[in-house]
Amino acid sequence: MGSFNATLEERFFLVGFSDWPQLELILFVFISIVYSLTIFGNTTIIALSRIDLRLHTPMYFFLSNLSFLDLCFTTSTVPQLLINLYGQDRTISYGGCVAQLFIYLALGSTECVLLVVMAFDRYAAVCRPLHYTTIMHPLLCQALALASWVGGFLNSLIQTGLMMAMPLCGHRLNHFFCEMPVFLKLACQDTEGTEAKMFVARAIILVFPATLILGSYGHIAKAVLKVKSTAGRRKAFGTCGSHLLVVSLFYGSAIYTYLQPKSSYSESDGKFVALFYTIVTPMLNPLIYTLRNKDVKGALWKVLGRGTD
């Protein structure tokens, strides 16, 4: 077939879940419901963060960024998946595949960096409470959010560029969207050098942020254990625990997919893991952050006319 940047009119065939035709209708209904909940939940977080003055804090500024990111992240794959499950056309153009790969990688990489920023915000709040408002100045918050987006898109640009230079054989992608590990399976020449560079880029955007997050929460745990107030410890662990749960869900599935050797990557397993971190996790994030969060629930009741100022 030649290199990835072949004639844009040619098309890839997305296998999707056609190997399990009995699951396609069930998956279509399930994914439609989850996608609707994702849009509702994340849009609600963004709206409440704008409307309620009590949520005009660094934590909710970054949370609204995460919600917007999750909306874009899941939308980069779900419409194509629903078409694949319900419609007859299971193909995607080379141009569309390149665009989907770039956008998906950019948004996923941005989330990796943004989760580090959110961990730093919690570290400053718990470990440096007297200096928190000085440290987390609005200008710094905006700069950190911008750096997350720029860093994510830069990482995607590097990886997509390397992928486009690789010679590929075949038009059949055993996945429901254009994902990196599946393309590596199509490489038809010795591409160890290119794959090594791509692996380093993926390791940097996954392992380095995860290490920083674990380090931040190690310091947070030490600081919280020194708090004498039981209520104070419970509040700190509740807020930070929700963030750590989101981090575990996202990084666990991403590291499983992107840091295992090409030879051991299972395309069938990869599809179901990808369903989790592209569809389920963005739906869970608003629930995880708000179920035990009195500020967000109070803002919601206020909007609904059931709360007081």
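Heads up, the Cβ atoms here are built off N, Cα and C, so glycines get one too.
Unlike curated records, TrEMBL annotations are generated automatically.
Database features (TrEMBL):
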type	residues	note
DOMAIN	41-289	domain 'G-protein coupled receptors family 1 profile'
TRANSMEM	25-48	transmembrane segment
TRANSMEM	60-86	transmembrane segment
TRANSMEM	92-118	transmembrane segment
TRANSMEM	139-158	transmembrane segment
TRANSMEM	199-225	transmembrane segment
TRANSMEM	237-259	transmembrane segment
TRANSMEM	271-291	transmembrane segment
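Using the rule of three or more Cβ pairs under 8 Å, pairs at least 6 apart in sequence, the transmembrane segment (199-225) is in contact with the transmembrane segment (92-118).
Against the transmembrane segment (25-48), stretch 271-291 shows more Cβ pairs under 8 Å than any other of 92-118, 139-158, 271-291.
Highest Cβ contact count with the transmembrane segment (271-291) among the listed stretches 60-86, 92-118, 139-158 falls to 60-86 (criterion: pairs under 8 Å). Mean per-residue pLDDT, taken over the domain 'G-protein coupled receptors family 1 profile' (41-289), amounts to 85.
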